[in-house]
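Student: Quick one: structure below, then a few questions.
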There are 2 protein chains.
Amino acid sequence: MKSAKVRVAVNGYGVIGKRVADAVSAQDDMELVGVADVVPDYRIRVAVERGYPVYASLPERSGELQAAGVPVAGTLQDLLAQVDVVVDCAPKRVAAANQAAYQAAGVKPIWQGGEKHELAGYSFVAQVNYEGALNRDSARVVSCNTTALSRISHALHGRGLARRVRAVLMRRATDPWESHRNGMINTATPETKVPSHQGPDAQTVIPGLDITTLAGAGPYNLSHLHFAMIETTRPVDVEELRAILLETPRVALVRAADGLEALNSVMELMRDLRRPRGDMWEVAVWEDALASDGREVYLTFQVHNEAIVIPENVDCIRALSGTEPDAARSIAKTDASLGITRHFLPSSRPPRVTPGQGTPAGSKGAEEPTAPR
Amino acid sequence: MKSAKVRVAVNGYGVIGKRVADAVSAQDDMELVGVADVVPDYRIRVAVERGYPVYASLPERSGELQAAGVPVAGTLQDLLAQVDVVVDCAPKRVAAANQAAYQAAGVKPIWQGGEKHELAGYSFVAQVNYEGALNRDSARVVSCNTTALSRISHALHGRGLARRVRAVLMRRATDPWESHRNGMINTATPETKVPSHQGPDAQTVIPGLDITTLAGAGPYNLSHLHFAMIETTRPVDVEELRAILLETPRVALVRAADGLEALNSVMELMRDLRRPRGDMWEVAVWEDALASDGREVYLTFQVHNEAIVIPENVDCIRALSGTEPDAARSIAKTDASLGITRHFLPSSRPPRVTPGQGTPAGSKGAEEPTAPR
């Protein structure tokens, strides 16, 4: 490394990039050297206000930024020359094209879920496979839905309790920033690709996982809603399920009984909690919707697509740079820096603190093949 | 019976009642003697325009109707004295209270899905259990979602192919007529009751069925969206699944490839087809979303909550009156009278006409208990 602190660049200052930049700035073992983008709109102006050095992702468009009064510290190449890790948050098609530039600069890229698994060859969710990413040259932080499915599935699969996962995702139609352009009204759109991509993608994080996902999108932009049915290898009752979730990092229980009855009420709580941008980094699982029939367990949860992958990006930076060999310590450090919790409301029952939490037993049982039925 | 035609009354002229009245009027073996309601709003005015005799459900409020210029033919009691069957489409709480009046008049009531199974002791979906309702004193036509789940599940369960059904329902928030009063915007509401009531309710129609449902509601009022995962007793590929659906009454295949990509596009097609009120009586199953992994089959379908139970009510009238002993003949007669089809677009591949369609083999295989996992 070029310094005691991991030197980080963020290329692409959009929905994910701007949040990664803020989260990196909040880490005492990282330095945000700069952010790079192309368009001089309100977003990059805020980056300037925050004192983030701004670089031009495309040298030929540097003039646009300057013309708009954005002080340009240099080109992407100049930025890459100063960092150890670059978090690529560029749009889908653009990202892969940056690979050559990163390789030339000898910088380790972290790709987002929009890119293919093969681009990095390693898909990352901190609590599942942090150690495997240690000192790698690159990694891919999977998408919001895949991150949530991986956290929840691993909580059971990692304990050898998940025989088969079935999940239905009702995705948000669009992101708030672009809701005036895209979006839908008074309808819902099913995905005709079955299984939807999230299931296979989760298998790039949890190889032994037997999972199938179906997906659709609804006319809202606040977050995604998941319904998961997890067949267990032995009966798991609601109390055990609840205990497992309380031991799972980045999962928080919410209760309709507390007035948290829908996606909007949970997001309103994030605003009331003074979360930056009203972000929810945790998977919110409805405690009063947890169920078990002895054969499988049922979970209903909310995924804030704009925010859930942010802590994963922070941990991935540590893993690639090798500054923290222990997953649990990196997760704890990231969580403390952002204020990630397992209980949003003090009125909620506190989690049972159990030794070795977040480090579930080996997934022996789950390796058994599922016979065709 | 008091005449060659079954004499029918509709009590409650709301979302379902007004449609049942129109459907009954379209049957050559039934006579709509009259409709009864309480409120003199635009709905009952249209009934008057159609020439339906209007009776006062509550004698004490008969004046309100008359004051609004609605010619009142008499009281509910007067109406009941002239009919064989009354289709009770009164609001949830009111309906059960009418039972005494129906018994006193010796009229056979048909209840809707909002009422408990126990009220009639027989929950009805024509293609599943028409014969069992023959000459009964009453029956209950199950709710829209349960009707759809029963049609789809029975298509496989009736052939001994359904080991276990899992379904997630994203319900519409409210009905069009009341969208200015209720409804939601930019959010989704999961149900915390797991399993949701539709699964157990489908078991009142299909006793041997192993089904679990989860439900939520989205900010739209056009219809419901279902995702079903049906574990099969042997591998069933997409072609066999498609063939089975094409043999199933009141199920129509739609394709995103035809531009039918969402709930609104399918409802727009109903309007273009000049369907009354844009109604869809069929379950619309996305053909290009049909999938199989050899262990289970996956279906995504749309349920028009305002319309799907209408043909079931018509068939139930025939069953209770005993005028048509054969389910397939009643279904065919009802379908012809309303224009129910299995292919909305001539461009769609025509159904393979198979002998004995709609009369699947005994459900031997499906009776096998599912071992706890």
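Note: Cβ is positioned from N, Cα and C throughout, glycine not excepted.
Automatic, uncurated: that is what TrEMBL annotation is.
Taken from TrEMBL, the feature active site, nucleophile applies to B:Cys144. The NAD(+) binding site annotation in TrEMBL covers B:Asp37, B:Asn305. The domain 'Glyceraldehyde 3-phosphate dehydrogenase NAD(P) binding' annotation in TrEMBL covers B:6-144. Annotated region 'Disordered' per TrEMBL: B:342-373, in sequence order.
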Student: Within 10 Å of the Cβ of B:Asn305 (NAD(+) binding site), how many other Cβ atoms are there?
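Tutor: 21, counting other Cβ atoms within 10 Å of B:Asn305 (NAD(+) binding site).
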Student: What are the non-local neighbours of B:Asp37 (NAD(+) binding site), defined as same-chain residues 6+ apart in sequence with CB under 8 A from its CB?
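Tutor: In sequence order, the residues whose Cβ lies under 8 Å from that of B:Asp37 (NAD(+) binding site) (at least 6 apart) are B:Asn11, B:Gly12, B:Tyr13, B:Gly14, B:Gly17, B:Arg43, B:Ile44, B:Ala47, B:Val54, B:Ala56, B:Ser57, B:Leu65.
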Student: What's the CA to CA span in angstrom from B:Asn305 (NAD(+) binding site) over to the residue listed as 'active site, nucleophile'?
Tutor: 5
Student: What are the DSSP helix/strand/coil residue counts across the domain 'Glyceraldehyde 3-phosphate dehydrogenase NAD(P) binding' (B:6-144)?
Tutor: 56 helix, 34 strand, 49 coil
Student: Is it possible to get the count of other C-beta atoms within 10 angstroms of the C-beta of B:Cys144 (active site, nucleophile)?
Tutor: 25
Student: Could you tell me the mean pLDDT the prediction assigns to the domain 'Glyceraldehyde 3-phosphate dehydrogenase NAD(P) binding' (B:6-144)?
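Tutor: Mean model confidence (pLDDT) across the domain 'Glyceraldehyde 3-phosphate dehydrogenase NAD(P) binding' (B:6-144) is 96.
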